[in-house]
Each structure stands twice: as C-alpha cells, then as structure tokens.
Amino acid sequence: MRWSFLTVLLWLVSLTGAENGFNGWLRYAPVQCDKRCQRALPSSIVTLNSTDSGPIGTASQELQAGLENIVGKQLSIKRSSCGSRSSILVATLEQYRQACNRSSEVPSLGIDGFWLRAYGDTVQIVGENERGALYGAFEYLSLLAQGNFSHVDYTTSAHAPVRWVNQWDNMDGSIERGYAGPSIFFEDGHIVEDLSRVKQYARLLASIRINGVIVNNVNANATLLTSQNMDGLARIANVFRPYGIQIGISLNFASPDTLGGLGTYDPLDPSVISWWANITDSLYDRVPDMAGYLVKASSEGQPGPDTYNRTLAEGANVFAKALQPHGGILMFRTFVYDHHINESIWTNDRANAQVDFFKELDGQFEDNIKYGPIDFQVREPVSPLFANLYKTNMAIELQVTQEYLGQQDHLVYLSPLWKELLDFDLRVDHQPSLVRDIVSGQRFDRQLGGWAAVVNVGTNTTWLGSHLAMSNLYAYGRLAWSPTDDSQGILQDWIRLTFGRDQNVLDAITDMSMASWPAYENYTGNLGIQTLTDILYTHYGPNPASQDNNGWGQWTRADHDTIGMDRTVKNGTGNAGQYPAEIAQVYEDLDSTPDDLLLWFHHVPYTHRLHSGKTVIQHFYDAHYDGAETAHRFLSQWESLKGRIDQQRYNEVLSRLVYQAGHSLVWRDAINNFYWNMSGISDEKNRLGHHPWRVEAESMTLDGYEPYTVSPFETASNYKAVVTTSNSTTGTAQTKLQFPSGTYDLGVNYYDMYGGKSEWTVYVNDRVVGQWEGNSENTLGHTPSIYIDGHSATRITFRGVEIENGDQLKIVGVPDGVEPAPLDYVVLLPPDVVD
C-alpha cells in the first residue's frame, strides 16, 4: 500500500524548545485540536485478552502517550468487550473473531499484517498477530501526527517475513563502520547495564515494522558466548520482546576452537557439531524466541569451512541444524571473496566471487538459511547471484550506515538507490524477475526470504550522527515492508513526522534529499567506476589510486589512455555472462550498456563517447563540478529554513551541510586532478588548475611554516600544503591581497588530523576575521585520519568579509599533538562563485 497524506484544516502548534533527535520520527509533536476536535476522537483504548508485557500492551501504551501528546487528549486503557463506544480497539485477528463474532467483516491478513479502520471516535486495529497489532497502532499515530484525521479502512501485510537490522557492534563498545558514537549494547567486553537507549531503539524499529536485530558485529568475537554474556543477551531480548522484535547474534566460525578449546572448528567433526548444538541450546534456554544466527565465513580473513576443505554449504548447515529444533533462522553472508587476487591477470574479478562460490551449492543449504557484487558502492549493478540460486532462501543486504557514501557527514538519501535495485528485472528464464520478488521468495516459490540492513546506531542523540541520515533508517523499514512504495512519498512522511508540516520545510528537504544521491555520485565516482574513496584506509575521502595495485579487487584498471573493468565474456572476466541471457546481452555490448554502468563492464579510452555525446573524461570533469555545486545549493536551501526548525537541530544540520559543501570541493578537485594528471587530457571548459580566487598557502610569506608535499598529491590544491616546522612552533602565513575591493566569503582550506587540536586565527590588516580549532573528531562522525590527505582535508568559511585591494592577510597556526596546523589555501569568493 502506498501511504497517502490528506490535507485537513489543522496545523502544527508553534515550534517548541530545542530537540536533540532522540525521538527520531516518533516525536508525537502537537497538532491543533480544539475541544470539538477532541470530542470527535476516541476516549479509551480497549485491548482484548492481552497482557501489558506483550506487543498489544505496548500498543496501548503508545496510543495513550501518542494521543495525549499529539491532540492533548487523555485516554484510559481497558480490557473489555469489542462493543465499547468511542474507543480504539486493539486485538489480534483471532482475538477479534472470538470476542466480536464478526468474522465475515475481517479482511484477510498476510505476514505480520494489520487492518486499520478509523471512523471518528471508533477505531479498530486488528493484527495478524500481536506484532501486527502494534504496527497498526504506530500507523494510526503516524497519520494523526501528520495531521491526517480522515476516515481510513485498509489492510497491509509484510512483503517478506525477515526484516532485520544488523549492528556491527564490538564487545569493547566500538562499532565497525559506525559514525554515531559507541555501542548501545556493549562496553568492556560485556553487555551494558543501562538498556534505556535499547528500549528507545526498539520503539523506532517497531514503528517501521522491523522484526529482528543482530546485536553484534559480523566479524564476531567468540567471547559473546560466555555464560555471563549469554545472560546479558537475555536482558537485551527482554527489552526488545514487547516491541515484537527478536534478537539474533553473529557468530565466529572458529569459536569451538578459540572459546571451546576443541582444537578444531571443522564443521563435520562430531565434537564441533555437538559444541554448536549445546551452545545453541544454552542460548535458547535464555532467549526462547531468539531469531537466529548471522555468519560471515571464509571472507576478509574470517575463519570458515575452507580451512578444512569443506564447502560453504557444509559450513552453514552446522549452524542451521543446531537452530532447527528451536525454529531459528541462519543468515549466511554471501560476501565471500579472496582479497589477495592478482590484478595482473586480466580475467581475475572479485565481482565473480559470489556466483563462483555459491551457484554450484544451490539446493545444498538447509531451508532455514549484499545487493551488489562488490561492497555498498555509490553505484553497482544488481548482484547476479540473485538470478543463480533457485533452491536457496535469499535475503538482500543493504547498508543504512554510509560506509562508502559520506559516513553521515554527507547528506545522501539512499531510498532511490535501493529502489533502482529492487525494481530491476533480472529476466530469469525470460520471465519477469524483479529483485524485490526474488528476495521475498515469490519468484522462485521459496517460503523464506527478506531483508537485512547494516544500521550501526550509537549513543549520539541523533542515533546515526546526523538528523537527516535518519531518513535512511525510516526508508529502509518502509521498503522492507512494501518495496513498491515511492521514495519521495516515504521521505515526505518522514519529514512531516520529524520536522513538522511547514510546506517550506517539506519542499526544501525533499529537494535536497532527492538530489543528494546523484550529487554524491557526481562528485565521487561516475559511470560505474565505484566511489573512488580510499579502500585501504577509511573508506571516506578521495584516493582513486588505492583502488588498483592490490588484491582487494575493486580495480579501475586506469592508465594513461584507458579506464574501466572489462567484464565481458568475449574479452574480459566473464562477469556479464553470470547474468540471465537478456541482461547479459545488454551488459556484454558496449553500445547497449547504460552509461552509468559503462566502466563497470567495459575498459574504454578516456575519449570514448557516451550516449550523451560527451567523452568519458569530460563527463568526469563536468559531473564533479555539477555535484559540488549541488552540495553548495543544499546549504542555501537549508539556510532558508532558519526560524522554521528548532534552533538546535537547525544548527546541527547546518554544521554538517557547511562541511559537506567544503568537502565536496576536496572530492571535486582530487578526482579531476588525478585523472587530468593520468590522462593528460584537459578540461574543455578550462576549469582544472584555474582558480583565480585562491591563494596557495605555500606561495605566501611563511614564518614557522614550511611547504609539505601532500600524499595523495591530488588532495592538495597545488599538490602542496604548509605545516609548522615543529610541533611546538607557531606558524604564520601572510600575503598582500590582489583582489578588487569588495565583500567576499573568505574560505580557508586546511587539514584536521586525528591526534591534535590545532588552533588558527585569520587576520585582515591585524583585524581578527575568524578563529577556529581543529576538533572535527568531536563534531563530525566520519572515520578520522592521522594523515594530511583527502579525509582530513576540510574548509572553514567566514562570510561577508570586507576586503580592500592591497590588504594584508595573515593566518597564525598553533600546532597541537601530532597535528602541525596544516594549511592548503585561502579563497576569497565573490557572490555565487563556487570554488
């Protein structure tokens, strides 16, 4: 069902005090509802044969709190018959049929589904199970919170039974690829005592119809299976259970050896089989409704069955068989590849690994067992594995945490990316084979299928480190329930719930978010070349050279004349041939391959002309300039909302967008300069290397500063920066400004390294224009860098600075720790200039 929004003659109450994001989209902010309005709403909540500890009890509490906050009406909670007047009735389908004797009027309900009927003061919320009833309660509150008091009568059910989120939380409290603070589950090797944040996380997840959460990292630590920690898992499960959410855990394949002391972890060894069965029994004794296991094996250094020459199916089935008596599910990751492959062999290709490893094992996995071939890139084709496993239950893995996509310091709304994948038709056996229908189990008539998303919330009050990034978690839940929903419609529901119903706010955030994925793709990696980030270090800033000359397999094969991976059957790695015939034909042919995947499937000259008529290299140059300009537009769009959003969230989002605008220029210049240097082909528009408004730091008069050759070279404006001569020496860089007199935005590009908090002051004629501290490790969430590079490169801008031709500009840098107060350049920007 597509959720709709009907305009009514109600409007939000004026903005209240500051908000910190903790409530996410469950703010239940007040809407205007006078006494007449309140009288037209229910007066009580009726639950049938339920207890307070289950999801229906939770639903009644949510409804009571929600109605009081949204419309100011207090509702009592009763356990009575279905005939109560002026009430919200909450029940399971079975309870409703037994108590109300109205079987004929109840629509059929599918997996976790619900029926919502609301006519004024009479509301019925009937779930296929208690979980479904809770989902219906959240749905009703969502409508009210958006000002929708209209009559509704509809049913909706889940697209697939498995709708999980994964946390890559480590036992020490850190989170792998997490950008929002420490774990809410673990610290110092144990489960935390205070689980209050876990309860709020459960509320958020249940409201978007998530039914399972894996609480620990796929690169798992066997110590999670100690008796003390299994007791802690039971406490976590007790918090999630009232919200209809089951917990599961990731396992380390070698645990029978490293924790159990068996001296082996061979999945066919009887002692190993017995060990896993006993561990599983112990877990289910503590958590009877545990969802199951997630296993990463034989990949990226993780142990697996290949150590004993066992197949991946044999490795998976030792867990699946241990789970079967308890009804648990094993999710076995297909993210399996050799990260030591030799790039000099033309036919080697990491993208082939999933099909190579798993296709021949189809049908050998027990029944209770990544969307792209590489690793959550800004653009990848759909994994061909979806078209090659007919007899195996499958789920799709997405990433809410933005590992390769700006790490929540760049606005990137991901629903359009996901929708493009889900709507893709693989044409298996020349029949309609949409990815969304494959993962649901519908296409190949499988009983089990679904979704998993790596989320990685932390202790930051915004959950993901950024207010706007929460749109991705919300969208994931909505799509996992109903993948035909519209990305913009999902987004606008989230905006109204999170920021209110001001049309200006709705329009601005909608435009920004819908433009954000194309913008990020434009200023990072284009035409299917991947994200061009540093794959060997932080996965954050630009470093295109890191893609090649290593065994990780994310190669671009770029040289002086050509670029791209040849994945054709005719002349390349054969990856195109892993797709069904109709799709393989498209990708095999250079002319029919879509431009946005050209370099994924083909190795071509930089001068190759796209369907647009541009050459590959000119498309690179233009796209990177376009993307950076779009990122700067986000900033002005957000600033137009000042006074329409509470001050705290306005300022926190503004800070991220200011940073994104500056870092988009780092990306733009780095990628363009790298390929200009490699190819020797100039930009037709003569923009590269032409920066008339910049003053390079190394060209200024230096005292206590010295030039420094930056690596990678392209992450500095003129390939150089300046650093203090020692970590105890204050540096000064000054110059006479040769610009027309006027008002400028004065920007300073510098490097904010991890391990120090340098301080800078900028003067114009001894007048202080601005001061700042290099403390981004405290204010931003991305993985920091200890180097002067594209990860630490950033910009600060002081607006409206009056400059006279001939003024003296001076910057004083005070180093701290390992950070030598590094500077790249100064830029004086006239109005409407982006550089």
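Even glycines carry a Cβ here, placed using N, Cα and C.
The N-linked glycosylation site annotation in Swiss-Prot covers Asn49 (among others) and is backed by sequence analysis. Under the DSSP three-state reduction, Asn49 (N-linked glycosylation site) is assigned to coil, being neither helix nor strand. Sequence-distant contacts of Asn49 (N-linked glycosylation site), defined as residues of its own chain at least six apart whose C-beta falls under 8 angstroms from its C-beta, comprise Arg79, Ala91, Gln95, Ala99.
Swiss-Prot lists Asn101 (among others) with the feature N-linked glycosylation site. For the recorded site, Asn101 (N-linked glycosylation site), the DSSP three-state label reads coil.
According to DSSP, Asn148 (N-linked glycosylation site) sits in a coil region rather than a helix or strand. Swiss-Prot lists Asn148 (among others) with the feature N-linked glycosylation site.
Neighbour count (other Cβ atoms within 10 Å of the Cβ, all protein chains): 20 for Asn221 (N-linked glycosylation site). Per Swiss-Prot, the feature N-linked glycosylation site maps to Asn221 (among others); the stated evidence is sequence analysis.
The N-linked glycosylation site annotation in Swiss-Prot covers Asn278 (among others) and is backed by sequence analysis. Asn278 (N-linked glycosylation site) falls within a helix when secondary structure is assigned with DSSP. Other C-beta atoms found within 10 angstroms of the C-beta of Asn278 (N-linked glycosylation site) number 12, with every protein chain shown included.
If you look up Swiss-Prot, you'll see Asn309 (among others) marked as N-linked glycosylation site. If you draw a 10 Å sphere around the CB of Asn309 (N-linked glycosylation site), it holds 8 other CB atoms from the protein chains shown.
Following the DSSP three-state reduction, the secondary structure of Asn342 (N-linked glycosylation site) is coil. Close to Asn342 (N-linked glycosylation site) in the fold, though at least 6 residues off in sequence, lie Asn348, Gly551, each with a CB less than 8 Å from its CB. Sequence annotations record features per position, and here Swiss-Prot assigns N-linked glycosylation site to Asn342 (among others) based on sequence analysis.
For Asn460 (among others), the entry in Swiss-Prot reads N-linked glycosylation site, with the evidence type sequence analysis. According to DSSP, Asn460 (N-linked glycosylation site) is assigned to coil rather than to any helix or strand. Take the CB of Asn460 (N-linked glycosylation site) and look out to 10 A: across all protein chains shown you find 19 other CB atoms.
Swiss-Prot lists Asn522 (among others) with the feature N-linked glycosylation site. DSSP assigns Asn522 (N-linked glycosylation site) to a helix in the three-state reduction. There are 26 other Cβ atoms within 10 Å of the Cβ belonging to Asn522 (N-linked glycosylation site).
Annotation source Swiss-Prot lists N-linked glycosylation site at Asn571 (among others). When secondary structure is read from DSSP and collapsed to three states, Asn571 (N-linked glycosylation site) falls in the coil class.
Classification of Asn677 (N-linked glycosylation site) by DSSP places it within a helix. Taken from Swiss-Prot, the feature N-linked glycosylation site applies to Asn677 (among others), supported by sequence analysis.
In the three-state DSSP scheme, Asn727 (N-linked glycosylation site) falls into the coil class. The annotation N-linked glycosylation site is assigned in Swiss-Prot to Asn727 (among others) on the grounds of sequence analysis.
What Swiss-Prot lists as signal peptide is 1-18, and the listing cites sequence analysis.
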Candidate glycosylation sites Asn278, Asn309, Asn571, Asn677, pick with smallest Cα gap to Asn221 (N-linked glycosylation site): Asn278
Between Asn522 (N-linked glycosylation site) and Asn571 (N-linked glycosylation site), the C-alpha gap once rounded to whole angstrom: 29
Conformational class of Asn221 (N-linked glycosylation site) under the three-state DSSP mapping: coil
Residue, out of the glycosylation sites Asn101, Asn148, Asn571, Asn677, Asn727, whose Cβ gathers the largest set of other Cβ atoms within 10 Å: Asn148
Candidate glycosylation sites Asn148, Asn571, Asn677, Asn727, pick with smallest Cα gap to Asn309 (N-linked glycosylation site): Asn571
Proximal residue to Asn571 (N-linked glycosylation site) among glycosylation sites Asn148, Asn278, Asn460, Asn677 (C-alpha distance): Asn677
